[in-house]
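Notes for the one structure printed next.
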Amino acid sequence: PAHTHTKPFFLCSLQFFLLLLSPTKISLFSPMSNFLSNTNPNPNKSIEVNQPPTDSVSSLNFSPKSNLLVATSWDNQVRCWEVARDGANVATMPKASIAHDHPVLCSAWKDDGTTVFSGGCDKQVKMWPLMSGGQPITVAMHDAPIKDIAWIPEMNLLATGSWDKTIRYWDTRQSNPVHTQQLPERCYAMTVKHPLMVVATADRNLIVYNLQNPQVEFKRIVSPLKYQTRCLAAFPDQQGFLVGSIEGRVGVHHLDDSQQAKNFTFKCHREGNEIYSVNSLSFHPVHHTFATAGSDGAFNFWDKDSKQRLKAMLRCSQPVPCSSFNNDGSLYAYAVCYDWSKGAENHNPATAKTNIFLHLPQESEVKGKPRIGATGRR
């Protein structure tokens, strides 16, 4: 359907088949990429990650403990890079990769930074003991592709959201889920900041759970945005969440009834009459401001408390489908690639190069400011 950005499944299989037929195969992490031209085509002078995926990136996640970056992609791979930083100098080194049978849509780290979880169109989640060098094993299964996953350290459980209209909770030592929660529609996005979990589904449902009692819906909300939900981010203080949609708009929603006057929506990722999807929402881990990334190829930094845009970055040549801050907020990773929003007919393999970039946020870009016109100090 026109309103989804995911590739038709037959296209994924065809693409995989064509890759198999390709007469030349380059090893996944070829050192040749280090000898490419040094000119930086990125309009924001962001640093390019070495040897990016061969197809569009679906998720990016930094380790909670180190500058290890994981990307999942439509080429069925989960890749990890080591990011080394010395002042303004940043180097990226491919570390390892694993494969799924079909495109991978989502990823999450264990809170101790040892293990990566990945899920996607093969309807399973793999647990990859990355730091110990172990082999991945399947720890979760669904009846349809898995769209989002979250490790919940307070419960020692993995939550998985699928297009089979369920959320499932897994103890990774057991083969069956410890609980299956029915959803009204397909899961499109999920965000967890214990005890808060919010799940967005088709038909603009936003379902809030209190993970101290996960088997009961805490609240069901119709999205404040008029069109399909694309992304979510729980407030760092667990008092609410952000929701982004395909219409270039973000909603700021507080859960407490007494705070409803603070709810608002704002427009972003638009240019004249052109409206682009908001694909990614990420809170800064220190300042609690947030970044939006969109199909216009731009990312912006915002302060919800003063209702200000802190910094607008220049547009890249292709959409930004996903992004992630590292654990101290000194790095912001974002992918630049075709997002399939205009279907297979607008995909040109000759020009659709996939890149992952690293931006070094300046404090002025991500530190909150007092609201214009406000009196007193914050």
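Just so you know, glycine gets a Cβ as well, placed from its N, Cα and C.
Here TrEMBL flags 1-28 as signal peptide. Feature annotation from TrEMBL assigns repeat 'WD' to 50-83, 97-138, 139-180, 278-312.
Beyond the ends of the repeat 'WD' (278-312), by six or more residues, the same chain brings 230-233, 235-237, 242-246, 248-250, 252, 264, 266, 268-271, 318-325, 327-329, 332, 334, 336, 339, 341, 359, 361, 364-372, 374, 378 to within a C-beta distance below 8 angstroms of the stretch. For the repeat 'WD' (97-138), DSSP puts the residue distribution at 0 helix, 21 strand, 21 coil.
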